[in-house]
Amino acid sequence: LDHNNLTRMPGPLPRSLRELHLDHNQISRVPNNALEGLENLTALYLQHNEIQEVGSSMRGLRSLILLDLSYNHLRKVPDGLPSALEQLYLEHNNVYSVPDSYFRGSPKLLYVRLSHNSLTNNGLASNTFNSSSLLELDLSYNQLQKI
């Protein structure tokens, strides 16, 4: 479903779905129930859309390993990341902060890309990225003065 003119999340979607490619569309938001029942979904590609908010729509995605929300208009990081998540791509958005201990619920997280956002030191707590599993953390092109 990538490279279309979709303006909203399609549905209902097959519960057996493992990968969902909705990149390069014009989707502006992900309603809380849009991904309900997709417990087998391992990869969700939503990059290059107009998404401003995802709310808690990711909470039920128990098998999700990869989430790509890069090149959107997000100001906040998604609520309730799935515990199986390994790759989170949020570069080229307008994210200005990451909550304290935000990644604690995702112990398998290996890659976090937050480059080209609006992050400042006030928006990052000192323990935000304290994770022993993290292999790559990209915070380039923000307004950070120290880490």
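Glycine is no exception: its Cβ is also placed from the backbone N, Cα and C atoms.
The following features are taken from Swiss-Prot:
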- ASN5: N-linked glycosylation site (CARBOHYD)
- ASN40: N-linked glycosylation site (CARBOHYD)
- ASN130: N-linked glycosylation site (CARBOHYD)
- 1-15: repeat 'LRR 1' (REPEAT)
- 16-37: repeat 'LRR 2' (REPEAT)
- 40-61: repeat 'LRR 3' (REPEAT)
- 63-84: repeat 'LRR 4' (REPEAT)
- 85-105: repeat 'LRR 5' (REPEAT)
- 108-128: repeat 'LRR 6' (REPEAT)
- 133-147: repeat 'LRR 7' (REPEAT)
Sparsest-packed of the listed glycosylation sites (ASN5, ASN40) - C-beta count within 10 angstroms: ASN5
Number of helical, extended and coil residues in the repeat 'LRR 3' (40-61), per DSSP: 0 helix, 4 strand, 18 coil
Cα-Cα distance linking ASN40 (N-linked glycosylation site) and ASN130 (N-linked glycosylation site), given in Å to the nearest integer: 29
Within-chain partners of the repeat 'LRR 5' (85-105) [C-beta distance under 8 Å, separation at least 6 from its ends]: 47, 64-77, 111-120, 122-125, 127-129, 131, 134, 138
Distal contacts, the repeat 'LRR 1' (1-15) - CB-CB under 8 A, six or more residues away: 21-31, 34-35, 37-40, 45
Other CB atoms within 10 A, centred on ASN130 (N-linked glycosylation site): 11
Residue pair ASN5 (N-linked glycosylation site), ASN40 (N-linked glycosylation site) - Cα distance, angstrom, rounded: 26
